[in-house]
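See below for the structure under consideration.
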Protein chains: 2
Amino acid sequence: MAANRRVETLTRHLTSMALVDVEAAPQLALPADFDPRELYEFLCRDNLELRDRIMEFLKDDLYQPNYYLSLMEFRELTLQRLQKFVAQKFFSSKDYITDPLRFQAGLECLALADYSLSIKAGVHFTLCGGTIAKLGTAKHHEQYLPRLDTLDLPGCFGMTELGHGSNVMGIETTATYDNQAGEFVIHTPSDTASKFWIGGAAQHGKVCTVFAQLTVNGKWEGPHVFVVRIRNDAGGPIPGVRIKDNGPKMGLNGVDNGQIWFDHVRVSRDALLDAFASVAPDGTYSSPIKSVAQRFGTMVGGLTTGRMLIAQAAVDAGKIGVAIAIAYACKRPQFGDTLIMDYLTHQRRLLPALATTYAMHLSMLRLKAIFVQKRPEDAKTIHVMSSGLKAGATWSRGETLQACRECCGGQGFLAANKIGAMKTDMDVDVTFEGDNTVLMQQVAKALLDAAVRSPSAPSAPSVSVPALTSLARIQELLAYREESLTAELAIAMARAMKAASSQGKQAAAAAANAAFEDNLDTVVALGWANVDRTAFQIFTEEVAAAPSATRPTLGALALLYGLTRIERNLAFYLAAGVLNGQHAAALRLRVNEVCRQLVSDGGKPALRLCAGFGIPDHLLQAPIAFDWTQIGSDGHQM
Amino acid sequence: MAANRRVETLTRHLTSMALVDVEAAPQLALPADFDPRELYEFLCRDNLELRDRIMEFLKDDLYQPNYYLSLMEFRELTLQRLQKFVAQKFFSSKDYITDPLRFQAGLECLALADYSLSIKAGVHFTLCGGTIAKLGTAKHHEQYLPRLDTLDLPGCFGMTELGHGSNVMGIETTATYDNQAGEFVIHTPSDTASKFWIGGAAQHGKVCTVFAQLTVNGKWEGPHVFVVRIRNDAGGPIPGVRIKDNGPKMGLNGVDNGQIWFDHVRVSRDALLDAFASVAPDGTYSSPIKSVAQRFGTMVGGLTTGRMLIAQAAVDAGKIGVAIAIAYACKRPQFGDTLIMDYLTHQRRLLPALATTYAMHLSMLRLKAIFVQKRPEDAKTIHVMSSGLKAGATWSRGETLQACRECCGGQGFLAANKIGAMKTDMDVDVTFEGDNTVLMQQVAKALLDAAVRSPSAPSAPSVSVPALTSLARIQELLAYREESLTAELAIAMARAMKAASSQGKQAAAAAANAAFEDNLDTVVALGWANVDRTAFQIFTEEVAAAPSATRPTLGALALLYGLTRIERNLAFYLAAGVLNGQHAAALRLRVNEVCRQLVSDGGKPALRLCAGFGIPDHLLQAPIAFDWTQIGSDGHQM
């Protein structure tokens, strides 16, 4: 038949785009006979018992979601929730220094219940308490930390200003030392200098760690941090402090953000957090770090915990999202007996999200392990990893929750099903604690520091089509992209420097910076390439160390992660000539195949991986994760 | 110097990835000296005067945002807003048939003020009223439409069931004709058959157009629509009707969605909307359309207006989002005098979003123009365009608002700045009125219908690097992708049919369907390819017809749209061998160049394009779109 011949001919024509052959599609079984608790313990690693206790405590009625409240009622509920939590003394502000994993574990559990509660606690303990612990000295610790532990003195963090978000060095608030009085004068010289977005400022905050440009004896010493009362013990006003409510936000409305102006507010000499710089009564300024920029970098560098908590909360939200969406998809039929998880489009959205969530979680484990060792030589690694992972984890969280919400259809939009509500609350995480675009630039800058001095092009890996399933080849491909983008940018910057070198060092540096700015799209891509390569490497290392029964399933997930990261940047590899059309076709089929494996056996592998997250039912909450046909029954709070 | 030589060598090595040369980056001026009102009139095209009047009316205090309300208060406010709007008689339910553009224009304006209000009105007028107008006959029109026009009888739309969203043919609610009584018995046989997500059902609805499987004289006739009272005139209960509140949602909380069960509820014979099928008193069923599937298809096919309104509201939300984000970015400095719009990363996020918003708007204009002609031969075009554009416009809206929200940093999260609040409310649009993934499958199915019978591979266009700026070449590339994906899928389906043909026609059809399902990722890609090709074609045609002063700027925007659609699918073109590494590098530079053009002259071209949307200040609202330094002043409601 002519038509059949034509089909055959066309098929040959289009081999590079070969589609799945119905009969040929393999349905490989994936043994997933492991105990989810064993996987959970592997994934959790620290403070298991404390976490179990806190999660158990969160069964308390006070922590059940209530979406009926007005803004002001929700803020009040959030305060009450924090008060009751604090009263349990699960951890102390001092743990920020002495037992950081315990400190973080406690706060991580709160995010499982409600993000407003988590952020209100985070502002108080991490941003305010952590700053006092890290940048203050014994006198500050004694004066403030016990009162923070009891929430007797709710704390705020006064860094961001209306006109200065990403550029913290450029804040305008001033602190001028008055030699005669032995006091600092804190002042807001303009509206753009007002402290903005300050969590807790609108209603409950009484004390604030204020970042201000210090001037002593007429000399500017750069930004320093001061502990300033913004309300008295009774919650009443402090003369010279003006506060305005930021009002409703798109989410996170349990947190009372506000705007603060200081009108020549006087604080004692002790208000300066003086671990890295001090002012003597006579106005003699001293610091072991001479450069203003380095000094500020050291101060801010000590405050990585907040960024790590944001990243971990994003990962944990991803866990909740995929656990709900996958549970629902494995039970919900549509068009006869077909479960929605049976559709490739569903698998393609939920399973890479599951893989990414694992990759980010395991990477955070690694970062925390390095962080607690406190080795000076790890400072750069911590900076790069915490920046990249915060951006990578929160952007991935956004994608993951969006996919989960859409895969649950209308049910994903119902507040009771948690995904949508989390998505709204957490949307802020991609721009706070460092805007993600700026953080990815930080990652790239660190990688380029060395590369610009001596740019070198990486050699392209050679990959055969079958080798696409090899974890080692995937690792090479991911590394190649990072090295290649580093080389491209380093070369562009080096060329610009060279062209401007005759005009002096400053001109050369400016030219290099201009080349960097002109290629910001590639800069951000480099940040991502670093996160992808690092996370995949950690993922494969962790699979090797995982309980043996979990390894086949975790391994398939790691493979899916690696394949989809390459697929996402496929154009790069094709343009570079490292992969070709046949690879592209094979890659697609491999991804589809691994997806099918992960949902074989009624979805068991995927469901076990979700169970491994160890989110108890009362924190998963969503009715659709259990019996979706009873969604409207009175058993579930709606 | 050795280092310099190395740089030169590497540069040659990496030509395919060439980055922007600082000096070489052109800053082409783009004349944008046109009157935004002239552009607005070109973009608006119908009911200008009506729209102006409605937008003026929406200055009323009642329509000012209030984000402090509890759920129940917001529902009440939304009802009051709708009541006051309805009292103005801007349009009538009858316009659904007699003047559909007027009907749509009226509802489109509401979405500019608040999406809950828009959806509450849309459910009432479009879904309930439109169904009665389209599927009912004179007796229904006389009985119901005047009472809908005054909101005396708030309407609901009872199609979706808990167990049946995308598969409407599979609904379980039954309508059994009782010959003796001359009545239909409406019944909910199970919980999965309960009507779910029914807008207006929880509190305010009194009448509902209920979709149910009709049985007459023991014979099943397929789904039909019945007008059923769910509350009496006083708002009290109707015996046999049980309603449950769906409760809080992640957004859109001004709409009171509910779940409805019918327990053998009896309605008169007149309750059947009988434009396409009727039941005589003695139980004789008659319809000009014999096939159950075709009959239902005809009924549902008449209800395209709702889908178009959702798509248009998504486009209009995109307009508001980019107008706010671009206005802010052109005023907001960061790191010295640099405006955030000066950053390439910012341009790369906001300007393609602006271009896509234009492309979707112009495509909707075209669809509406075809729709109102009501030519039978356009039915398929309307089906494909309304499905594809609904999916394309709402998914693009999601991306656009996310980009806008992130580009505004924390300010994007503030409810007063509107972007975040819109994003949350509108998130539902990607899954309601047809799940986007399913709609893209509908588009693909329509394209494949003919192709499967006689698959043919398209010839690959040949594109030189400079020709990448040619609109005609871009059109060819976009068409090639659509044709190529069609051919791939058609071949896979034809092969599967051939392999199964010996087992009979049904087996062959099942095999083709299995091939379709096994390649659902490509199927959705084909839907997108169709939207991209269609929208770009319409965009370029509209540029040619636009007021001459606007053409250079609109042309640059169309170019950006085309280039970024190709860039997004670059891997396809590279894998197919149609583009190579040099094209890829050139494409990136072109996109960056057009972005820079659009923000030249202090952002004037982009700002003018935003002004062309004609959103009045009182509907733009966001303080950051005006004087961002006064965000916290008392002038703005927060």
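Keep in mind that glycine also has a Cβ here, set from the backbone N, Cα and C atoms.
Feature annotations, courtesy of TrEMBL:
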ACT_SITE  B:Glu433  active site, proton acceptor
BINDING   B:Thr160, B:Gly199  FAD binding site
DOMAIN    B:156-265  domain 'Acyl-CoA oxidase/dehydrogenase middle'
DOMAIN    B:301-448  domain 'Acyl-CoA oxidase C-alpha1'
DOMAIN    B:489-625  domain 'Acyl-CoA oxidase C-terminal'
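Annotated features taken from TrEMBL, shown on the structure.
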residue	record	contacts (Cβ under 8 Å, 6+ apart)
B:Thr160	FAD binding site	B:Val168, B:Lys195, B:Phe196, B:Trp197, B:Ile198
B:Gly199	FAD binding site	B:Ile119, B:Lys120, B:Val123, B:Leu127, B:Cys156, B:Phe157, B:Gly205, B:Val255, B:Asp256, B:Asn257
B:Glu433	active site, proton acceptor	B:Gly306, B:Arg307, B:Ile310, B:Lys390
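Confidence annotation: the domain 'Acyl-CoA oxidase C-alpha1' (B:301-448) carries a mean pLDDT of 96 in the model.
Mapped onto DSSP classes, the domain 'Acyl-CoA oxidase C-alpha1' (B:301-448) shows 124 helix, 3 strand, 21 coil.
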